[in-house]
Amino acid sequence: DSRLVLAWLYTNPFESSFFSFGAKFSPEETAVNHFHHGIKDLATTFFYMLVAIIMHAIIQEYVLDKINRKKHFSKTKHSKFNESGQLSAFYLFSFGWGASILLSEKLLSNPVTLWEGYPHTLMSFQMKFYFICQLGYWLHALPELYFQKTKKEDIPRQLVYIFLYLVHIAGAYILNLNRLGLVLLVLHYFVELLFHVSRLLYFSNEKRQTGFTIWAVLFVLGRLLTLSLSVLTVGFGLATSENQGFDLAAGNFNVIFVRITVLAAICLTQAFMMWKFINFQLRRWREHAQTQTLKKKQVPSKSKSKKDKGEQRAQSIGHIYLIMNVFFCKHWTFPQAIK
């Protein structure tokens, strides 16, 4: 039908903005296309947010709900199990994908590339697609608060960490710090993946708590490594770079105000995470101490009950012995009385 063809021709430019990745640049010496960010990324991010909502529903319906029916978790464990199940799948996928990009871009073998050649306005397809998907996923977490019927007391906590993810990922993407952002995301996702897998194992068997100990050590090391890489890249690498100045058209934000703002945001976030971590560990230790105290109180009560039972048995045996004495005394003294 000609009307359908005309409709497609008129709407094709608008539709393509949801799937395209912006302008691309192909150097003559290489056959690899490179991309930079632009205003069309908003439509693409919205599209992949819808994809994330669909994937979330598939994992919930065909995986997590089936396990919940078999395990019969309480309401509290049910919500935590769903949260850890969804995030474990996302962190595993994002960590594996991000690690493959790091290896292909050779960012781990040469850390100088984190700041060398800044601004990094041109990205490979995988790099740009990774950041688009990250933004789409964390944006999808906002409507999921309604779809999952999250408790009112849990909504502020969820909003805080969703906001932190969006600010840091979007900041690295817009400020052309995508290489540093990718390294920090892969590091962070690995630590978070270990925590949520450990929590899933704990729900299946409460004796499995070794994973939390390993996670606690790696969490602290992850925070130290995050701060070290951030200070090394932003505080020293960009500060000593020859390409200083603010140029919005060229994507150059290498000025002292931006550097201080980026470092302050990263340091405050790491301090906030450490504060939450310390409170979490203190709460666990208090709960463990209370459990041990209750167990110690139950032990004397059991021994006391055993002692009371022993005394009752001794009294009953004494009563039987007294009755037998009385009987035998009467039996042996009766003939003597006749005499």
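Here the Cβ of each residue, glycine as well, is placed from N, Cα and C on the backbone.
Owing to the predicted nature of the structure, the values given are computational and were not obtained by experimental measurement.
Look at TrEMBL and you will find 46-64 (among others) tagged as transmembrane segment.
The domain 'TLC' feature in TrEMBL is assigned to 79-288. Model confidence over the domain 'TLC' (79-288) stands at 93, taken as the mean pLDDT rounded to a whole number.
Sequence annotations record features per position, and here TrEMBL assigns transmembrane segment to 85-103 (among others).
If you look at the transmembrane segment (159-176), the same-chain residues 6 or more away from its ends with a CB under 8 A from one of its CBs are 37, 118-121, 131, 134-135, 138-139, 141-142, 145, 182, 184-185, 251-253, 258, 262, 265-266, 269. If you look up TrEMBL, you'll see 159-176 (among others) marked as transmembrane segment.
Residues or ranges marked as transmembrane segment by TrEMBL: 182-202 (among others).
Within its own chain, the transmembrane segment (214-236) is flanked in space by residues 111, 114-115, 177, 180, 183-184, 187-188, 190-191, 194-195, 198, 259, 262-263, 266-267, 270, 273-274, 277, 281, which lie at least six positions past its ends and keep a Cβ under 8 Å from the stretch. TrEMBL lists 214-236 (among others) with the feature transmembrane segment.
As annotated by TrEMBL, transmembrane segment applies to 256-278 (among others).
Per TrEMBL, region 'Disordered' is recorded for 291-312.
The compositional bias 'Basic residues' feature in TrEMBL is assigned to 294-307.
Between the transmembrane segment (182-202) and the stretches 46-64, 85-103, 256-278, Cβ pairs under 8 Å are most numerous for 85-103.
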